[in-house]
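Per TrEMBL, the features are as follows:
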- A:Cys189, A:Cys196, A:Cys199, A:Cys205: [4Fe-4S] cluster binding site (BINDING)
- A:39-187: domain 'HhH-GPD' (DOMAIN)
Amino acid sequence: MQRMHRAGIVLERLAQRYPRPASALQWQSPWELLVATVLSAQCTDQRVNAVTPGFFHRWPDPESLAQAEQEEVEQAIRSTGFFRNKSKNLLATAQRIVKEHEGQVPDTMSQLLALPGVARKTANIVLSNAFGHNEGIAVDTHVKRLANRLGLTDAKDPNHIEQDLMPLFPQNQWGALNHYLVLFGREVCKARSPLCSQCPLYDICPRYGVPS
DNA sequence: ATCCCGAGGG
DNA sequence: CCCTCTGGAT
């Protein structure tokens, strides 16, 4: 089966499984989505959701966070792990947004990548979900794993995987696509003991029924 | 012990 | 390509 055809089925079936890809859009602003995405690194969304209400009440926009002390940011996000890196980067990002983008989260790839702590995965999430720009596909550990299992790519480097995936999917609604892929990887095509018996893609998966 | 919706640096 | 950063859940 050709990869293009396989990708079409992936999109169609996952759209059925996740009919309302709104949870990535639960955030009120690009700023909230950016912060939540940064916090989600190596951390479950449950723990992210535990700290975001307090965070956004205290620092609702880049202007307010830009004036914070790193110490208080660390305390606020401690439970999400990597808190020193995350707080330093978020603080510097907020200050840069105030200084160079008039307090608004930028909406271009190059401007997002220039923010400390923001690489392609985070930039793609923000571009596709906050701004509706279909510039790239967000490749995290989940997407990396499932794309390989489904035979959509043989690459291991996330940037190569993204280049392999982009031509396979119609270049629209990538916000929803990014959401589907991450959810599916987390909930079904799990790293250990994947739920193949419940998988909507088992019949097109080269790995279905193949031991280990 | 091991893993989790990454990014930066060597 | 490798390593490090982190707490919390299991």
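Backbone N, Cα and C define each Cβ position, glycine as well.
Sitting within 8 Å of the Cβ centre of A:Cys189, A:Cys196, A:Cys199, A:Cys205, and not among those site residues for [4Fe-4S] cluster, are the Cβ atoms of A:Arg149, A:Val188, A:Pro194, A:Leu195, A:Leu201, A:Tyr202, A:Arg207, A:Tyr208. Long-range Cβ contacts of A:Cys205 ([4Fe-4S] cluster binding site) within its own chain (separation 6+, distance under 8 Å): A:Arg149, A:Leu150, A:Gly151, A:Cys196, A:Cys199.
Shown are the binding-site residues A:Cys189, A:Cys199; of these, the residue with the fewest other Cβ atoms within 10 Å is A:Cys199. DSSP classifies A:Cys196 ([4Fe-4S] cluster binding site) as helix under the three-state reduction. Using a 10 Å radius centred on the Cβ of A:Cys196 ([4Fe-4S] cluster binding site) and all shown protein chains, the other Cβ atoms total 17. Helix, strand and coil counts from DSSP across the domain 'HhH-GPD' (A:39-187) read 99 helix, 0 strand, 50 coil. In three-state terms derived from DSSP, A:Cys189 ([4Fe-4S] cluster binding site) belongs to neither a helical nor a strand segment and is classed as coil. In the predicted model, the domain 'HhH-GPD' (A:39-187) has a mean pLDDT of 94.
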